[in-house]
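Asks: Sharing the feature lines straight out of Swiss-Prot:
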BINDING   9-10, 14-17, 46, 113-120  CTP binding site
BINDING   44, 77  substrate binding site
């Protein structure tokens, strides 16, 4: 069984998130999503509209996602890859090159973002209403 992992905040879940998950799942048989905790988001100076538990619930209801694990810090990726026997690490290409160090442990793929939609843009649009 080929296992794939991706990470993200997945706040204000939208079409672009779904396309990322679909493309990630198409690369393997089992998809794990490392979901940023509220505490980790604060460390990154980000604030989610939805709580970790609500974002986790949304992801767990999506058939493409087999498992959701908490992302608590930047450093856990290597241990997650080893613990879950990951074959492929997938993330958006806005992170291109940032996770090349993981190639020692698994395949690393940077997927193109879906044009025209992002959580940041949704938040800006909502703020301007």
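Glycine is no exception: its Cβ is also placed from the backbone N, Cα and C atoms.
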Asks: When a 10 Å sphere is centred on the Cβ of residue 77 (substrate binding site), how many other Cβ atoms does it contain?
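Replies: The answer is 21.
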Asks: In Å, rounded, how far does the Cα of residue 44 (substrate binding site) sit from the Cα of residue 9 (CTP binding site)?
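Replies: Taking the Cα atoms only, residue 44 (substrate binding site) lies 11 Å from residue 9 (CTP binding site).
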Asks: For a quick check of understanding: among the binding-site residues 14, 44, which residue's Cβ has the most other Cβ atoms within 10 Å?
Replies: 14
Asks: Per DSSP, residue 9 (CTP binding site) is which: helix, strand or coil?
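Replies: Assignment for residue 9 (CTP binding site) reads coil.
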Asks: Please name the residue among the binding-site residues 9, 114 whose C-beta has the most neighbouring C-beta atoms within 10 angstroms.
Replies: 9
Asks: For a quick check of packing: other C-beta atoms within 10 Å of the C-beta of residue 46 (CTP binding site), how many?
Replies: 14
